[in-house]
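The structure appears right after this line, and notes come after that.
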Amino acid sequence: MNMISINAAGRHHLPDIDCVLIGVNCSKTLARCLDSIRSCDYPQEKLHSCYVDGGSTDKSIEIAERYEDVTVIALDPAYPTPGMGRNAGWKHNKSPFVQFLDSDTILDARWLRKAVEAMADERFGAVIGMRQEMYPERTVYNWIGNIEWNGPAGLSDCFGGDVFIRRTALEKTGGYDETLVGGEDPELSRRVIRAGWQIVRLDALMTRHDLAMTTMSQYFRRAFRSGYGFAAVSFRESLVGSSFWKYDVLKIFIKAGSFFGCIVLALLLFFVTQANSVKIIAAFLPFVGLMVMLSPRLFKTGKFMRENNLNKNDAKRYAWHCSVVVVPQFFGIIRFHLGRIFNKPLKNRRRNLKTGISISGT
């Protein structure tokens, strides 16, 4: 058999794949994501692209409709969530595998073949790869994201927004939780694992991503939502006897809670007692709390150098992030539990949702 025949046979036996993209106000990033699917080293007739719009007010839908081979599903929820979009997308078609993508990503041209090859092992319900930031040098926030996207290759306990997954896994679990505004991907991951499948991370590039984060306020909002997601998923997992993310939430509480707790305690001691010795202790309490919160910066620089292959200055910079990020995460956790108690969950507002690009003027 010659090479042409071999390639033809290979194309014939490759499975169909549904590529589901979701977005809200993503006109700046959508086209390049759709173009990356078209550029994949995979038979285009076996790829079925679907863009699910969560209620954009920009030209996102218009851009998607320019692609004749892309199905556009326009949702109009008052409070959109990622789960709504992903569920609408995978339920629209019938391919045995689904590749989920966020609109601010670019799919690596070789990824789908590698994912299909991995799925030959029927133990795997989902396959993930490595995600890279397109422009980590543009902002410190992009740089941090580039460090934190990936875990080690091998079996994984969860996946993120970019994932190659079996349709049967989606059908058996019911798909994404449409009420969550954060943590919906890990939450589904845990149900996939409990349904009997494994999740594997390949040492291969899956997507490139543009975080496009340029301001401290964006950083704090994202961290707040990550704390909310930690709490939401951890709480749900605790109901089925799982400790998933329990210790992550606990660490955030210890670091940030110690800082704020020491400040409150210091104020109480300072104003309710007349003893000078107690007031001296009260004056030092905020510094104790601050040291607990800053423990990554004070004690873990060497660890970050080894584990993340960073030079000393970069390790210090990353340690500052690990120290500070717990503050908005702490308030995100508090927000989740207050919302749970008073039946007021956090909701997405469409006007606040959009994707951007790291290079201005393009």
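From the backbone N, Cα and C atoms, a Cβ is placed for every residue, glycine too.
What TrEMBL lists as domain 'Glycosyltransferase 2-like' is 25-147. Among the features that TrEMBL reports, domain 'Galactosyltransferase C-terminal' is placed at 149-204. Among the features that TrEMBL reports, transmembrane segment is placed at 252-273, 280-298, 318-338.
Outside the transmembrane segment (280-298) by six or more residues, the chain places 254-256, 258-263, 265-267, 269-270, 304, 316, 319-320, 322-323, 326-327 with a CB less than 8 A from a CB of the stretch. Using DSSP to sort the residues of the domain 'Galactosyltransferase C-terminal' (149-204) gives these counts of helix, strand and coil: 18 helix, 14 strand, 24 coil.
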